[in-house]
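**Q** In case it's useful when we look at the structure, here is the feature table from TrEMBL:
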{"type": "TRANSMEM", "residues": "6-24", "note": "transmembrane segment"}
{"type": "TRANSMEM", "residues": "31-55", "note": "transmembrane segment"}
{"type": "TRANSMEM", "residues": "75-101", "note": "transmembrane segment"}
{"type": "TRANSMEM", "residues": "113-129", "note": "transmembrane segment"}
{"type": "DOMAIN", "residues": "131-413", "note": "domain 'NADH:quinone oxidoreductase/Mrp antiporter transmembrane'"}
{"type": "TRANSMEM", "residues": "135-155", "note": "transmembrane segment"}
{"type": "TRANSMEM", "residues": "167-189", "note": "transmembrane segment"}
{"type": "TRANSMEM", "residues": "243-262", "note": "transmembrane segment"}
{"type": "TRANSMEM", "residues": "274-293", "note": "transmembrane segment"}
{"type": "TRANSMEM", "residues": "305-325", "note": "transmembrane segment"}
{"type": "TRANSMEM", "residues": "331-353", "note": "transmembrane segment"}
{"type": "TRANSMEM", "residues": "416-437", "note": "transmembrane segment"}
{"type": "TRANSMEM", "residues": "462-479", "note": "transmembrane segment"}
């Protein structure tokens, strides 16, 4: 069974099963929804079974490899495989996508297309995290763009077309750099072009050329992560998107940029990465402070949570550039942790909007009394976001801290300065999150308003919120469940930085 093409099945199953949705009755909204959820659950169970039986945790090499020639005259291969770096994001994708589809309220407008696009995104995300070929990586990267554009443009808020257009311009524009970098690396210095990650990781380049390739890939991943100043599409897209789309954007899409930085910039271009790392650490530190302060000034609830995502991505950038085992393990934990917490906060923001039809914080107030369950869940997950001990975010940020402090590459004074900036960022995080909770749930505005009876959280909302909260607490109590996946792979990634 180990030779069975498991990964190909995981990539192809959602989009091929999703295409059958168009044969279901147009008005069968419940049928379409439960069919889509069934596909997601089957895929998640199959992935869990395959990885638990056929993936060896102590092996840093790529496993479950599939290598088929796809287009003969173009050296284009269908190459898939997973390792400790991609296993966590793949399982996160399965989990968050299943809950995002369950979270979507019955979609009245073109339900078939909505659910097909969600499954198409699922395929693209699994394909990206498991691809071992640079051109296949690019194709999966592009496969994300059209579903997200349509999901925002068709099921978004009042400014949905503006936000969707801004998203596609930023992300499609940055993809040009990814394609140019991929073609440049593949065509350089070999008799026949190769896009194979394994071959490219052992290839060396002239320093000037490696820096050019690095900048190209960095622009592509900086837009998706996002890294300032290429982040402005994110708050607009989150502000207008349907909350199930926001769950996928915050939970998985942003993590694709961080994954690309590690998989391509770190693994394929280590010399250039060691040159750019100090500068990117400065950018990451500025991003944490800037996004936290900007978040505090946002009136729109979803934009405030979006800027908090940008701030948390600063920790990931610092961890990637710390060039230490602790820092990089912290990055992988932060990718998983923020995937859960970001998705949960957007889901709860959406359920609140469904009830009170308000998005601006200064119009809210007094929601705690009529909606105690939503208040409790929102409070717990906001505390998880501000890295409360016992939650997954605490260990992720703490280990990134230790990664930068214990790193031998940097001098003492820069380390003290960066640590001070990180501490300021950690102090600002509770300010904007607790201020958000105060404006939403305390006071008397809605409590005194006419028609002030609101439904509290129903079984669907409770199930989705608790399903996300349990792994957040689980990882917070026992983070080794994530480290056991990545620790050997992290050593292998960092090997060229110290022994080349």
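Cβ coordinates come from backbone N, Cα and C, glycine included.
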**Q** If we skip the immediate neighbours and take only residues 6+ beyond the ends of the transmembrane segment (243-262), which ones have a Cβ under 8 Å from one of its Cβ atoms?
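**A** Result: 85-86, 89, 92-93, 96-97, 99-101, 103-104, 118, 121, 125, 128-129, 137, 141, 144, 148, 151-152, 155-156, 217-218, 220-227, 234, 237, 302, 305-306, 309, 313, 316-317, 320, 328, 331, 335, 338-340, 342-343, 345-347, 349-351, 353, 493.
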**Q** Take a look at 6-24, 31-55, 75-101, 113-129, 416-437 and tell me which one has the most Cβ pairs under 8 Å to the transmembrane segment (462-479).
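**A** Maximum Cβ contact count belongs to 75-101.
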**Q** Could you tell me whether the transmembrane segment (416-437) and the transmembrane segment (6-24) have 3+ CB pairs under 8 A, leaving out pairs under 6 positions apart?
**A** no
**Q** Using a Cβ cut-off under 8 Å, which residues of the same chain at least 6 positions beyond either end of the transmembrane segment (75-101) come close to it?
**A** 7-8, 10-11, 33, 36-37, 40-41, 43-44, 47-48, 51, 55, 57, 60-69, 115, 118, 121-122, 125-127, 129-133, 135-136, 186, 192-197, 244-245, 247-248, 251-252, 255, 259, 262-263, 332, 335-336, 339-340, 343, 347, 464, 467-468, 471, 482, 485-490, 493
